[in-house]
Amino acid sequence: MESGASVKQRIARISAHLNPPAISQVEGSCGLRTGNCRAKGGSPGFKVAILGAAGGIGQPLVMLMKMNPLVSVLHLYDVVNTPGVTADISHMDTGAVVRGFLGKEQLEDALIGMDLVIIPAGVPRKPGMTRDDLFNINAGIVKTLCEGISKCCPKAIVNLISNPVNSTVPIAAEVFKKAGIYDPRKLLGVTMLDVVRSNTFVAEVLGLDPREVDVPVVGGHAGATILPLLSQVKPPCSFTVEETEHLTSRIQNGGTEVVEAKAGAGSATLSMAYAAVKFADACLRGLRGDAGVVECAFVSSQVTELPFFATRVRLGCNGIEEIYPLGPLNEYERAGLEKAKKELAGSIEKGISFATK
Ligand code: NAD
Ligand code: LMR
């Protein structure tokens, strides 16, 4: 017969996800005590926080991360609705322990000890808007969240999804610099959806399974800054001029295609959650020490004269271990690169001056 105290303790543990832990429940900067963790006995995994977890991207992203065996602790932070999303997700019979955090006063608790922080917080586009039109609202949101990261998990890898990525990544870098914790290897703007779309659209044209196709996409994440390198597609193939123009245009406007189809109800959420999980999983496999983990991301870079640029990067125990050069470009891609760099320069500068003003 169990004692009343041990029954109470067990019930408290089972319902722990509904009550965010007090700071006293965490040990220094290394996350939750295994004693408080329902996944004890399972293999140790990584601690992941999702900021903006109750949103259109956040909810499917949280669900897919709860299914990822590399995740042992999943923190859900938002300014609305996290209790409901947390209660719902926590009933999934997978290993990760889920906890919800609501509102600014719980941001720090959400972040303490995290290995990976994924940020889809912020407003999405409506038809007729550019990603840059989101700057005024999202820049401030990203700045505040990154200040929290600087304080509570300065060594975490950050996957930044909030638009305009071409400006929010430079903002994050400036916040981290100001706090004295900036490690360019750990800050990655998520451009994976461009790769996911490119693989899909190219596979359609080639009549292949998209899972067999790999298209590097470089530059940034907005309009002409999204530069698919169709001359470097794997498996090796060639396209007519018409195919190249059609594919480049569809890839560059993939986000707008979804925004218009949703007709005011937001932008890509499900494909983005899929892409975000694919990318986060790559970061976690890198952290685990897997060899040969290579994905495209918008990162601090010396590949061009710009301070940030998206290219293929190799992920490892410290985040980005290697940044690959662009490789040989054809004439069409060289022209696209010049156009992309011009637009990117302005967006990067806008982010830096916002964060340093
Ligand atoms: P959404 O409005 O459905 O969800 C955003 C969530 O962020 C909401 O739950 C909101 O409460 C939350 N939020 C707002 N302010 C916050 C704050 N200060 N702290 C924490 N959470 C906060 O929007 P969505 O469709 O999920 O899109 C989110 C962002 O992702 C948008 O900026 C969108 O443009 C961007 N996005 C980027 C990509 C990409 O490829 N990088 C793809 C799709 C969307
Ligand atoms: C996308 O590419 O789908 C996102 O950046 C969202 C958007 O506004 O297009």
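Every residue, even glycine, has its Cβ placed from backbone N, Cα and C.
Positions annotated as domain 'Lactate/malate dehydrogenase N-terminal' by TrEMBL: 47-189.
In three-state terms derived from DSSP, ALA54 (NAD(+) binding site) belongs to neither a helical nor a strand segment and is classed as coil. The C-beta environment of ALA54 (NAD(+) binding site), restricted to residues of the same chain at least 6 apart in sequence and closer than 8 Å, consists of LEU76, ASP78, VAL80, ASN81, THR82, GLY84, VAL85. The NAD(+) binding site annotation in TrEMBL covers GLY52, ALA53, ALA54, GLY55, GLY56, ILE57, GLY58, ASP78, ASN138, ILE161, SER162, ASN163, MET272.
According to TrEMBL, the feature substrate binding site maps to ARG125, ARG131, ASN163, ARG197. For the recorded site, ASN163 (substrate binding site), the DSSP three-state label reads coil. Proximity of ASN163 (substrate binding site) to non-local residues of its own chain (separation of 6 or more, Cβ distance below 8 Å) is seen for GLY122, PRO124, ARG125, ARG131, LEU134, ASN138, HIS221, ALA222, given in sequence order.
On the 0 to 100 pLDDT scale, the model's mean across the domain 'Lactate/malate dehydrogenase C-terminal' (191-354) is 98. TrEMBL lists 191-354 with the feature domain 'Lactate/malate dehydrogenase C-terminal'.
Neighbour count (other Cβ atoms within 10 Å of the Cβ, all protein chains): 27 for HIS221 (active site, proton acceptor). Taken from TrEMBL, the feature active site, proton acceptor applies to HIS221.
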Under 8 Å Cβ-Cβ from GLY56 (NAD(+) binding site), six or more apart in the same chain: what's there?
PRO124, GLY266, SER267, THR269
Of the binding-site residues GLY58, ARG125, ARG131, SER162, ASN163, which ones put their CB under 6 Å from ligand 2?
ARG125, ARG131, ASN163
Determine the minimum-neighbour residue: among ARG125, ARG131, ARG197, listed as binding-site residues, which Cβ has the fewest other Cβ atoms within 10 angstroms?
ARG125
Neighbourhood of MET272 (NAD(+) binding site), C-beta criterion under 8 angstroms, separation at least six:
ILE57, LEU61, PRO120, ILE161, LEU193
Where among the binding-site residues ASN138, SER162 do you find the Cβ with the fewest other Cβ atoms within 10 Å?
ASN138
